[in-house]
Structures are given as structure tokens and as C-alpha cells.
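*Asks:* To start, I am sharing the structure in question, which I have written as C-alpha cells.
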Amino acid sequence: MSNIQALGWVMLLNCAMVVVLQPVLADRIARADYRLLMAGSFAVMAAGMAVMALAGTPALLAGTALFTMGEIFLFLRCDLELVELLPRNAAFAFGVQRLTGGVGGLLAGVVGGFVFAHYRSGGHLGTFWLVVGAQCAVAALLALALGRHRRPAVAEPPLPEPAVGR
């Protein structure tokens, strides 16, 4: 399989997983403990990068699947958190999220592209994935150590009152 075909499969897998799984998992993501969700998301992303370091198309696809799971949890919860902070201006909240995502994506592409090219030209592409995975692992540890315990983005629905017998 050519590199461009592999990239196509990676992009398709990522897109399909987000479209199919995010709606199914949305309620659980909204109710999850914020600090643990952040740490878990980054840990799953780190695992995905480690799998990609094994090289080959199957490892790339498996690593993408893991990374995408972390992405699904992380991005949706960040959207929900900002909307909760700005409840009267959800459109602004989503606009800010899209803007920060775009700027972050641009910077990651530019800086990551140079770093990727450096490792690839040296014949150490697996090391690139491990370096990115290490960054994700550090983010997971920081989320655990410094993250605040926040209530769920969506409150648990109240339990119905038990019926009183006659």
C-alpha cells in the first residue's frame, strides 16, 4: 500500500470513528469526572502514538483508532466545558473552540511537520511517534496532578421519587 493510500485509510478511520462513536458516547463523556477524563484521554492518545511507533500500516491504523478515542473524549468534553462556562453565549463558545482548534492545528502541522521530517530523514520515524506519545503521557500526568475535580458538564438526572404504597 502506498503512503497516500495509507493516509487515506487513516483519515477515513478517524472521521468514521468520530461520526459514529461521539454521539453514542456523548452522555457518558458529559457525566464523566473531568480530571479523570482528561488524563484518560491523553493516556489513550499516548498509547496510540506508541502503537504507531511499531511501524507499518496495521500499526498506523491501530494507533489511529486509539488516538481517535482519546480525541473523541477530549474534544467533546472541552466543548461542553466552555459552553457551561458561557451558557448565555454558546455560539461564541463554539466559535472560540473552533478558532483555537484551527490555530492549534496550524501550529501542530507546521512544527510537527518539521519535526516529522527531521526524524524521517534520519530514518527514525518510530522515535517521532514516541516523542509525541511522551508529550501525551506528560499531559495525562499533568491532568491528574493539577486538574481540578469538576462536576460533570451535564448534571445527573434526578431519580424519580418512589411511589408510596397504599
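Any Cβ shown, glycine's included, is placed from N, Cα and C.
TrEMBL feature annotations, pasted as is:
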{"type": "DOMAIN", "residues": "1-151", "note": "domain 'Major facilitator superfamily (MFS) profile'"}
{"type": "TRANSMEM", "residues": "6-24", "note": "transmembrane segment"}
{"type": "TRANSMEM", "residues": "36-54", "note": "transmembrane segment"}
{"type": "TRANSMEM", "residues": "99-119", "note": "transmembrane segment"}
{"type": "TRANSMEM", "residues": "125-146", "note": "transmembrane segment"}
*Asks:* Please indicate, using numbers and ranges, the residues of the same chain that are 6 or more beyond the transmembrane segment (99-119) and have a C-beta under 8 Å from a C-beta there.
*Replies:* 75, 125, 127-128, 131-132
*Asks:* Find the average pLDDT over the domain 'Major facilitator superfamily (MFS) profile' (1-151) in the predicted model and report it.
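*Replies:* That region's mean pLDDT is 87.
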